[in-house]
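Student: Following this message is one structure expressed as C-alpha cells.
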Amino acid sequence: MYYGFDIGGTKIALGAFDSTRRLQWEKRVPTPHTSYSAFLDAVCELVAEADQRFGVKGSVGIGIPGMPETEDGTLYAANVPAASGKPLRADLSARLDRDVRLDNDANCFALSEAWDDEFTQYPLVMGLILGTGVGGGLVLNGKPITGQSYITGEFGHMRLPVDALTLMGFDFPLRRCGCGQMGCIENYLSGRGFAWLYQHYYDQSLQAPEIIALWEQGDEQAHAHVERYLDLLAVCLGNILTIVDPDLLVIGGGLSNFTAITTQLAERLPRHLLPVARAPRIERARHGDAGGMRGAAFLHLTD
C-alpha cells in the first residue's frame, strides 16, 4: 500500500492507495499548530491505523507547502508552524521505521496528474496551479523535478514579460509580490489577480466567481475582461513553455473550474511560441482535492 499525506495549515489528510493507484481509504485530522510532538503523533497514529487496517507496512509520502528539506535537513513551512524548522523527514523515518519521502504540495499535484491512467503516456508533464497564488511542478518520466531548493515550478514568481506590458500598457502597475519582488505574474494570473485586474480596469470590486458568473450570463464587460486575462495568461505561458516544452499541461486550482481557460487557451498560445514549437495538450486537473494525497503517495512510485 502507498500512503500519501496532504498536510496544510488546518488539516492532515491521509489517503491509502493500492498497487493500481486506486484510493482505498482516507482520513483527516486537524493539524496541531504549536506542538511538534503532537504533530508527529498525529501522523504516526494515522500510519498505524492504516497499517492495521490493511495488514501491511505501507510506504509513506508527504506533500507539504514550503521547502521540504533545507540544507540542514529541516522543514521550512510557514503555514505549518508546529513542524517548521524541524527535521521532519528524519524524525518520521525513524519513528515509523521506513523511508518517508517529502515534497512540496505543488510538485505532488503535478505528480498526481502525471500518474493519471490517461496521462502516463506523456514523458514531460507540467502542472500549473491557478488558485490563491500561481505555482506548479514538472514531472519527467514519472519523477518530479525539484531542483536543489525545491523551487522548480514556482512559475508565479516569474516577472511579467515585455509582451505583457505591450498588451496591458506600459503604464500598467507593477505590483509588489509577497516574495518582495515587483511584477510577479501570480499577482495578475491567480484568482486574486483575476479579480484585481477587473477592479483595475472597471473600478468595481468583484470576486472571481462573481465575474465568471457575469461572463456566463453574456455580460460584455466580463467578456472583455476574460479575453484580456486569457491573452495575458498566454503571453506569460509562452515564455514558460519555450523553456519547458512539455507534452502535457494540466491546470489546477480554483480557476481551473472556469472552462474558458482550458478551452480557449490553446488557440492563443502559438503566436507566443517559436514557429517550430507545438503547444502542449491542455487539460483540467482530474483529481481535485485528492491530488495532494495521490501525488505524495506516488513519491514511492518513482524508484
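Placement of Cβ uses the backbone N, Cα and C atoms for every residue, glycine included.
The following feature annotations were taken from Swiss-Prot:
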BINDING   4-11, 133-140  ATP binding site
BINDING   H157, C177, C179, C184  Zn(2+) binding site
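Tell me about the setting of these features in this model.
Tutor: In three-state terms derived from DSSP, G137 (ATP binding site) belongs to an extended strand segment.
Long-range Cβ proximity for H157 (Zn(2+) binding site), meaning a same-chain Cβ under 8 A and a gap of 6 or more residues, is found for C177, C179, Q181, C184, I185, E186.
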Student: If I restrict to non-local contacts, at least six residues apart, and a C-beta distance under 8 angstroms, what lies near T10 (ATP binding site) in its own chain?
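Tutor: The list for T10 (ATP binding site) reads P30, T31, given in order along the sequence.
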Student: Which is it, of G8, G133, G135, G137: the one of these binding-site residues whose Cβ has the most other Cβ atoms within 10 Å?
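Tutor: By the 10 Å Cβ neighbour count, G137 comes out on top.
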Student: Once near-sequence residues are set aside, which residues in the chain of V139 (ATP binding site), 6 or more away, have Cβ atoms under 8 Å from its Cβ?
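Tutor: For V139 (ATP binding site), the qualifying residues are A110, L111, E113, A114, L124, V125, G127, I145.
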Student: Let me check the 10 A CB neighbour count of C184 (Zn(2+) binding site). How many other CB atoms are there?
Tutor: 26
Student: Within 10 Å of the Cβ of C179 (Zn(2+) binding site), how many other Cβ atoms are there?
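Tutor: For C179 (Zn(2+) binding site), the 10 Å Cβ neighbour count is 12.
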Student: If you count the C-beta atoms lying within 10 Å of each candidate's C-beta, which of the binding-site residues G4, D6, C177 ends up with the smallest number?
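Tutor: Each of the binding-site residues G4, D6, C177 was scored by Cβ atoms within 10 Å; lowest is C177.
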Student: When you average the Cβ positions of H157, C177, C179, C184 for the Zn(2+) site, which other residues in that chain have a Cβ within 8 Å of that mean position?
Tutor: G156, G178, G180, Q181, E186, N187
